[in-house]
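Novice: Pulled these features from Swiss-Prot for this protein:
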- 314-323: compositional bias 'Polar residues' (COMPBIAS)
- 439-462: compositional bias 'Acidic residues' (COMPBIAS)
- 545-571: compositional bias 'Low complexity' (COMPBIAS)
- 664-680: compositional bias 'Low complexity' (COMPBIAS)
- Asn169: N-linked glycosylation site (CARBOHYD)
- Asn318: N-linked glycosylation site (CARBOHYD)
- Ser322: phosphoserine (MOD_RES)
- Ser353: phosphoserine (MOD_RES)
- Ser428: phosphoserine (MOD_RES)
- Ser508: phosphoserine (MOD_RES)
- Ser641: phosphoserine (MOD_RES)
- 313-347: region 'Disordered' (REGION)
- 416-488: region 'Disordered' (REGION)
- 545-577: region 'Disordered' (REGION)
- 664-702: region 'Disordered' (REGION)
- 18-38: transmembrane segment (TRANSMEM)
- 70-90: transmembrane segment (TRANSMEM)
- 133-153: transmembrane segment (TRANSMEM)
- 207-227: transmembrane segment (TRANSMEM)
- 233-253: transmembrane segment (TRANSMEM)
- 263-283: transmembrane segment (TRANSMEM)
Amino acid sequence: MISTKEKNKIPKDSMTLLPCFYFVELPIVASSIVSLYFLELTDLFKPAKVGFQCYDRTLSMPYVETNEELIPLLMLLSLAFAAPAASIMVAEGMLYCLQSRLWGRAGGPAGAEGSINAGGCNFNSFLRRTVRFVGVHVFGLCATALVTDVIQLATGYHTPFFLTVCKPNYTLLGTSCEVNPYITQDICSGHDIHAILSARKTFPSQHATLSAFAAVYVSMYFNSVISDTTKLLKPILVFAFAIAAGVCGLTQITQYRSHPVDVYAGFLIGAGIAAYLACHAVGNFQAPPAEKPAAPAPAKDALRALTQRGHDSVYQQNKSVSTDELGPPGRLEGAPRPVAREKTSLGSLKRASVDVDLLAPRSPMAKENMVTFSHTLPRASAPSLDDPARRHMTIHVPLDASRSKQLISEWKQKSLEGRGLGLPDDASPGHLRAPAEPMAEEEEEEEDEEEEEEEEEEEDEGPAPPSLYPTVQARPGLGPRVILPPRAGPPPLVHIPEEGAQTGAGLSPKSGAGVRAKWLMMAEKSGAAVANPPRLLQVIAMSKAPGAPGPKAAETASSSSASSDSSQYRSPSDRDSASIVTIDAHAPHHPVVHLSAGGAPWEWKAAGGGAKAEADGGYELGDLARGFRGGAKPPGVSPGSSVSDVDQEEPRFGAVATVNLATGEGLPPLGAADGALGPGSRESTLRRHAGGLGLAEREAEAEAEGYFRKMQARRFPD
């Protein structure tokens, strides 16, 4: 019984099934049958007359009457048609039952075909397959018979019993056979005209062609439909039909109905027709492939396209626009995302552009605090690279005041411990590192040594791997570079000067500690020092200290730093304020400083610093540090100290000013500003407030400037 699921299965509709059957297949088969009638049962078409030899013994074999043959023609047609057709019907019926009960209509060894509605009738798979396979078999039989008859009529070769039924009258020739042995005239005197006509059609043997076609066709059907698990069933059926075909052909030889060559040729013709029809007419008896719906074209991702469009617009912007925010506002409040930077060759270490934007978390009702350092002056040893993707990077920096206190205290303790180690003459400041996880003092010393080794390897191998938090390293002779070590997680980011990288000859790992110790001692002796110079100038001063005063060192200098406090440790008025300081050196000859202050402007030295740097043949970033004038500095402040928190009293939104370091244009009026960390301050936050300049401040600044010049004179005595 057919399951309910299959009964309720909706069949497909076909508009071409019945028209193709009625107007194509049936007319072809009918025309073949009609043609066979005229060729076999009538004398309408006469075979060609071919000459023979006088008294040819190969044509004088005994004649066997048609009714006395072992396999007469009618029996041959019935066997060649009935046996294969019956076998196909039985096999299809069994297959349909097995598919319905065991596998269902969607499975089965021979494939599955669903029902089709055509002309208001439902045709199941059994009916459709049976009609198709049996119909092709009938058409093949007719085609084989037609081909055989046409060849026989065209050739007109004689059968072995031709002279027996012809009974030639040699006296009608007028000459003897000795003179002319080959006879082309019709001198037959026999009374059985039908026998004489049949004796002229022997090549190829009709029994051989029809039997071979039936055997090959049904054997291919068995091989395709019957599974190999049936063991001997399939070989038995195949061999049975092959033997039957062979017997039909051989009987024609034994009864002198055909020559052996006629039988062999008939076998080849019948087998060829069967193989062609089985492969191309019925598709090797397999179910036609189901029509799969065309897969819809993948819809274009609008969000992805919009994101890519935004990235393209940012990366293709003008190189001088370094204060643009590269990340969407919604992503500034989330977890930090990694910055992708592709690894390039050794030339990328000397690239002419580094632009790192450090963005603090967006505060409510205020803009984000951003400090940007940009330097794209061309290098003398390498061409300038204008890849916008390398110029713009956005790093989200979450800060924690408690973590900042701990890191500052650890750094000061290490600086005090390094006082007893001595100060080499060629000592240089260290690099700025962004710690991402708490470490003990012993672990930090080990990491410093490992970082020094890594820096030496990176100079030979290639650029540093990308990461979220940058590391600014001041390398003697090559200028500072930005390294992004792979740090995981969103811990706070505080820039603290540490041990110097051993990048040049004659430098020791302890030189940085000695330099910081001497700075602290000098600051303590100064008494009343300038209060809190900005963190910006500290970074520039440190990056300037180890570099050469020549144009090449000035052109290769670049650094980045940012510090900001968490919004939960600040008052509402402080959280609403914003500050953006940008040093943009995209211009080919003069660097430009963009200043955004919320009411209390930064105070810069007059244009003498820039003019001096220009006169020396290059732009010295250290001049910017020497040109800064700030408020009162408490005791213990050193040029390398971290940034401290002070109260911020600017309006909520500030204006943006542009200062040309080379010409001094656009300099704001002299005022007060603050920056570096004092002993009593522990939070690393960039703050600014107005204040006056005192005599003690200028003396401390003059002493620091003298020390810087003295250090440079010692490093470069020539």
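Keep in mind that glycine also has a Cβ here, set from the backbone N, Cα and C atoms.
Relative to the rest of the structure, where do these features sit?
Specialist: In the three-state DSSP scheme, Asn169 (N-linked glycosylation site) is classed as coil.
Long-range contacts of the transmembrane segment (18-38) within its own chain (CB-CB distance under 8 A, at least 6 residues past either end) are made by residues 44-45, 118-119, 131, 135, 138-139, 142-143, 145-146, 149.
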Novice: Between the transmembrane segment (207-227) and the stretches 70-90, 133-153, 233-253, 263-283, work out which stretch tops the count of Cβ pairs under 8 Å.
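Specialist: Ranking 70-90, 133-153, 233-253, 263-283 by Cβ pairs under 8 Å to the transmembrane segment (207-227) puts 263-283 first.
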Novice: Near Asn169 (N-linked glycosylation site), which residues of its own chain have a C-beta under 8 A away, given they sit six or more steps off in sequence?
Specialist: Ile187, Cys188, Ser189
Novice: Is it the case that the transmembrane segment (133-153) and the transmembrane segment (70-90) touch, counting contact as three or more CB pairs under 8 Å in which the residues of each pair are 6 or more positions apart?
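Specialist: When sequence-distant Cβ pairs are counted, the transmembrane segment (70-90) touches the transmembrane segment (133-153), since at least 3 lie under 8 Å.
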Novice: I need to check the long-range neighbours of the transmembrane segment (233-253): which residues 6 or more away from its ends have a CB within less than 8 Å of a CB in the stretch?
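Specialist: Sequence-remote neighbours of the transmembrane segment (233-253) are 69-71, 76, 79, 83-84, 87, 205, 207-208, 210-212, 214-216, 218-219, 222-223, 226, 259-260, 262-263, 266-267, 270.
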